[in-house]
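Structure first, commentary second.
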Amino acid sequence: MTNLDWRAATRHRLFWPVAVLVALLLINVPFTPGFFAIHVRAGHLYGSLVNILIFSAPIVLVALGMTLVIATGGIDLSVGAVLAIAGAASCLYISKETDQNSLSGVLIAVAIGLGAGLVCGAWNGWLVAGRGVQPIVATLILMVAGRGVAQLITSGQIITINSNTPFGVIGGYWLGFPFSVLLIAVMVTLAVVLTRRTALGLLIESVGGNAEASRLVGIRARRIKLMAYIFCGLCAALAGLINSSNLSAADSNNAGLWIELDAILAVVIGGTSLLGGRFYLGGTVIGALIIETLQNTIFTIGVPTQTNLVFKAVMVIFVFLLQSPAFRAKVFRRRARPSAPAVADAAPPATLTTSEVGR
Amino acid sequence: MAEPQPVLEMTGISKQFPGVRALSGVDFRLLPGEIHALLGENGAGKSTLVKVLTGVYELDEGRISLNGAPVRFSSPLQSQQSGISTVYQEVNLCPNLTVAENILLGREPTRRGAIRWRELRRRAAELAARIGLELDVSAPLGAYPLAIQQLVAIVRAVGIDAKVLILDEPTSSLDRDEVERLFGVMRRLKAEGVAILFVSHFLDQIYEVCDRMTILRNGQLVGEYPVTELDQVALVQKMIGRELGELEALTGHIRPAVGDPLVETRGLGRKGAIEPFDLSIHRGEVVGLAGLLGSGRTESARLLFGADGADSGEVRIEERKVSLDSPVAAIAHGIAFCSENRKTEGLVPDLTVRENIILALQAARGWTRPIPAAQRDELVAKYITALDVRPANPEAKVGTLSGGNQQKVLLARWLITQPKLLILDEPTRGIDVGAKAEIQKLVVSLSEEGMSLLFISAELEEVLRLSHTIGVLRDRRLVAQIANGPDVTADRILETIASGAGT
């Protein structure tokens, strides 16, 4: 019976992503003493796991928005640029403030940053849903142009701001708790409630699964798509604020560089198809955590810097192989083979069929 | 018994899927130079048997022998290499490549790695000519109508040395002339000794072209019969395993049109699709549309549903002028539309049966007002039972259901919204006799309850049996509207289609 439960568990969608994440975390243990330890130091939560969570915040957020966009059958390449624009706009406002500690000033800066994200998302959504431009082309425009806009905002400089302002809280600590982790929790909950407690999730999956059928069933696909892109822009902007708050600066050239690819990777690891349709927010979060943990692991086990990317690539391929039923069947069959004939002899023909199905 | 040795023999074939025994102990054989029909309701195991034979599925038990030698296929390629070729319902070719490239794709004549284009075209034309198909092989495949593409698929499949040809519902999107042409090709191949396995839902066609038939029911063999020894009624009874009183009971059911006009069109038309037409549909009335493929049946339905925009005319619903410029608008006025293309325009295959059923209702409510779970489950269960969707599992992915059950899911999707006018475009195409009778019965009872229906079908008998009024289309024009009555026969409708004269 427990054997059966175990089998059912391995078939769960999230089993392999979670297994990979756990394995990655375990790899860290021999290299980092007290890896799993979490303690309070100077009133703040500290520990390797806490760090991973904090650093994963931007990619979790961006991947979250990306999941919904991909589910509608689209893609958003501009998230990195939007992240940079939001960071630049907020930092510019704060840097011009005479008192950078003023809470109202910081709130306005945050609103400006998020507003920029909403506008960018609406622009993408308008191109895709309103004008019918292919998503990859439509968002490529902002991916390229957006970085230019960000540089324009910062006049090509890196804008620095004071680190001990209320703005610093976004990427730092709030009441001893890492604020960005709180933000992740809020945004994930928001996304889940927005899609699963309303009918939005079903309609998104329908539009992504069969656009023409969705039109003929009376779904206002344009509106749905527009909402997905706007949400994605908002998530990217939030990630930009966290990023700038962490650095106490806005670096238009490097903020969120290539994050769109990591985000897409996280979505795919999480089990959402790039073709659109069914989407899995939980899977995306796990996928993003895997990517961040991998990054962290590369540093802690001391992989030489120049081999970083190759190592990451190999690990990603490994993760995908593990998730492929065909690959698993091949590997695990080889291990299971010696005992198989005995089972087949003893059991009625029905068992034989089930063992054959595994091919 | 001077029967020749079978070219293909399958014995004791069994195939198990999780939770379903799709085939158990089925025997099947094909003699050289015969056309053999494989018959059964949806879900009887026809496609599974074909897929076992073509190597898509591996069999669990049983043996296959080809020309007396045992074979075992674990991939479609192996099956093809042994001389078993298949043409599927949907043409699986590349419309952007030329006919010649399509025919010889993967076996192009080459010299030192380069394709010999002239030779390629010559050989392709030769192969096409062999089945009596003369066409410009250097034109892109997409330039030809579907029927010709189907024939090209056969040319490709037969190639040089196919011994067994499987035709899986090749006629479902062809019109009468095109079917005749296909039959000519089949007879020609038969004369050359090719064994043809023909899967079709059109019983008339089977009697026209086949020599023998094998009937399956619930994954088991019912029997193998020469076509001359089993009449249609007996055949249908063997397929569904019960008496066929239900279909009979519907015949002769003709009532006068009832109620006030619900929908009226005045000069509604769209260039290149359908000439302006006037049509009125009353409450509780079934209006049938008859006409050949491409005569404008589907096009007129799409205008009424706002799926395509009209460029002339107006629509009145309950005597008020309305604008039907999108499906959303039409749905808001109580119009529902089941497209003839279930897969591309109806189902969302990744979603479950439940999700597919509630989709239209949910779309109408908007995303902010989800249907409460309890109410949703109750509605879905009610319609699954009422329409007898099998399997009766709301969690099943709709893509895994058989054609007839997918059609029922689509019907449920619209019935749940309680439309005033339900447009059914070929609702019974490609589904089995049992499901067909159920859908016809449903049309009658819906109309008795006061719903108006626009019923489109290529089968005249069906249109005649169900409609109060029959609209006849020809060359994209509505040429006649005939009140159904005892004196209206299929011949008369055909005459109208042929002559284009109204009554």
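Heads up, the Cβ atoms here are built off N, Cα and C, so glycines get one too.
Feature annotations, reproduced from TrEMBL:
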type: TRANSMEM; residues: A:14-38; note: transmembrane segment
type: TRANSMEM; residues: A:50-71; note: transmembrane segment
type: TRANSMEM; residues: A:77-94; note: transmembrane segment
type: TRANSMEM; residues: A:106-126; note: transmembrane segment
type: TRANSMEM; residues: A:173-194; note: transmembrane segment
type: TRANSMEM; residues: A:226-243; note: transmembrane segment
type: TRANSMEM; residues: A:255-272; note: transmembrane segment
type: TRANSMEM; residues: A:279-303; note: transmembrane segment
type: TRANSMEM; residues: A:309-327; note: transmembrane segment
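Contacts between the transmembrane segment (A:173-194) and the transmembrane segment (A:279-303): present, as 3 or more C-beta pairs lie under 8 angstroms, all at sequence separation of six or more. Residues 13-14, 17, 58-60, 62-63, 66-67, 70-71, 75-84, 87-88, 143, 150, 236, 239-240, 243-244, 278-288, 290-291, 316, 319-320, 323 of the same chain sit 6 or more residues outside the transmembrane segment (A:255-272) yet have a Cβ under 8 Å from a Cβ within it. When Cβ-Cβ distances below 8 Å are used as the criterion, the transmembrane segment (A:14-38) is approached by residues 45-50, 269-271, 280, 282-283, 286-287, 289-290, 293-294, 296-297, 300-302, 319, 322-323 of the same chain, each at least six residues removed from its ends. Nonlocal intrachain contacts for the transmembrane segment (A:226-243), taken as residues 6+ away from its ends with a CB within less than 8 angstroms of a stretch CB, comprise 57-59, 61-62, 64-66, 68-69, 71-72, 74, 76, 78-80, 82-87, 90, 110, 113-114, 116-122, 124-126, 128-130, 170-171, 180, 183, 187, 191, 194, 200, 204, 255-256, 259. Here the transmembrane segment (A:279-303) has long-range neighbours at 13-14, 17-18, 20-21, 24-25, 27-28, 31-32, 48, 51-53, 55-56, 59-60, 63-64, 66-68, 70-71, 184, 188, 191-192, 195, 201, 204-205, 208, 262-263, 265-272, 311-312, 315-316, 319, meaning same-chain residues at least 6 beyond its ends whose C-beta is under 8 angstroms from one of its own. Outside the transmembrane segment (A:77-94) by six or more residues, the chain places 58, 62, 65-66, 100, 105-106, 108-110, 112-114, 116-117, 120-121, 124, 136, 139-147, 149-151, 153-154, 159-161, 165, 167, 232-233, 235-241, 243-244, 249-252, 255-260, 263 with a CB less than 8 A from a CB of the stretch. Sequence-remote contacts of a segment are chain residues at least 6 beyond its ends whose Cβ falls under 8 Å from one of its Cβ atoms, and for the transmembrane segment (A:106-126) they are 76, 78, 81-82, 85-87, 89-91, 93-94, 97, 100, 138-139, 142, 146, 165-167, 170, 225-238, 240-241.
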